[in-house]
Amino acid sequence: MTNLNYTPTIWTRADALKVNENDPTTTQPIVDADFPVMSDEVFIWDTMPLRSLDGTVVSVDGWSVIFTLTAQRNNNNSEYLDAEGNYDITSDWNNRHGRARICYWYSRTGKDWIFGGRVMAEGVSPTSREWAGTPILLNEDGDIDLYYTCVTPGATIAKVRGKVLTSEEGVTLAGFNEVKSLFSADGVYYQTESQNPYWNFRDPSPFIDPHDGKLYMVFEGNVAGERGSHVIGKQEMGTLPPGHRDVGNARYQAGCIGMAVAKDLSGDEWEILPPLVTAVGVNDQTERPHFVFQDGKYYLFTISHKFTYADGLTGPDGVYGFLSDNLTGPYSPMNGSGLVLGNPPSQPFQTYSHCVMPNGLVTSFIDNVPTSDGNYRIGGTEAPTVKIVLKGNRSFVERVFDYGYIPPMKNIILN
């Protein structure tokens, strides 16, 4: 279908050594421990604003809509009560991934979110977990394609179509009752479960390339090959100073940002392409990749963790970015290292799962925040929105907004 001939860009160990966790221009401001919670009934984490295929965050008939990974808070479940009857929120929070469901919320203000409920009825999704993706408003009739990840057993990129309906009172969803599997890891470009039981393959983010008008998708993957078989050569190392050439067990880290191209704009058939960016020997996770198109350039963002860095490297939980003049690269790591917005060292787990929107606003969720008594408070709710400014290959934190502030960039009046 496509003659895209390109070589993946390598995020090198030398690049990652430049990560500076103490640079205030790339550090997310402190989240206070007295943060508000969206719901006492559910946890939320990965947030997916409704958008168009060019990345524009949209509202419908004046209603903003977000989709979230969601799990019930089991505060009355005996499984999560200790001997004194106290709720063990930490265990409940840590176990959320196994029961993740995609739900939706709506708002007139771009905050003050109202819970709408499940997107898909129980049993519609063919696997036990509904993991993150991207909801796309297709037209003024209110049709939505929700691209997401079907997980356990396996991991498959999929989509499900439904419709958004509005009234003066709120928003409802209809349809979303037939899931279409699109593709799984191929073992040629992207690692499969048989090659690595800890493989990553998820987080579809479709988009129209502003240059050629075709429909593409980026997603998280790992570079194909048996676990531990990857070689960290000169290209993966980059130009390293003395004392930094021992890679330890870095061969186990093989994250990449994958890409696929659709046969047509329906998005029903896809061809898997080589990765855009690889992180062999650097990091094992490049989650929730997504593009911002600005000034004729391609800003490719992803999120990653401190704990998924390879031996000899470190960096904060947060957003990492790469810049190119072309869709297929080559890409250069933003700010020299790739780090765009990281948690502060004093609160390394305060936020995660950032989504950079074309207006520079960055949404994320609160994970856990230290408290004055030396403990910590679990979040499971929206974090304060941060604005960053992109200037060529550099980025700067500029402002903090309210919790969960995700304003629309465009309002669509439905037919």
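Any Cβ shown, glycine's included, is placed from N, Cα and C.
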Per Swiss-Prot, member of Ala132, Ala260, Ala262 binding sucrose alongside Trp45, Asp46, Arg202, Asp203: Ala132
Trp45, Asp46, Ala132, Arg202, Asp203 excluded, remaining Cβ within 8 Å of their centroid (sucrose): Met48, Leu69, Trp131, Gly133, Thr149, Glu287, Arg288, Ser353
Largest tally of Cβ atoms lying within 10 Å of a Cβ, found at which of the recorded positions Asp46, Ala132, Arg202, Glu287: Ala132
Separation of alpha carbons, Glu287 (active site, proton donor/acceptor) and Asp46 (active site, nucleophile) (Å): 11
Rounded distance in angstrom between the Cα atoms of Trp45 (sucrose binding site) and Glu287 (active site, proton donor/acceptor): 13
Taking residues Trp45, Asp46, Ala132, Arg202, Asp203, which bind sucrose in the record, the widest Cα spacing (Å, whole number): 15
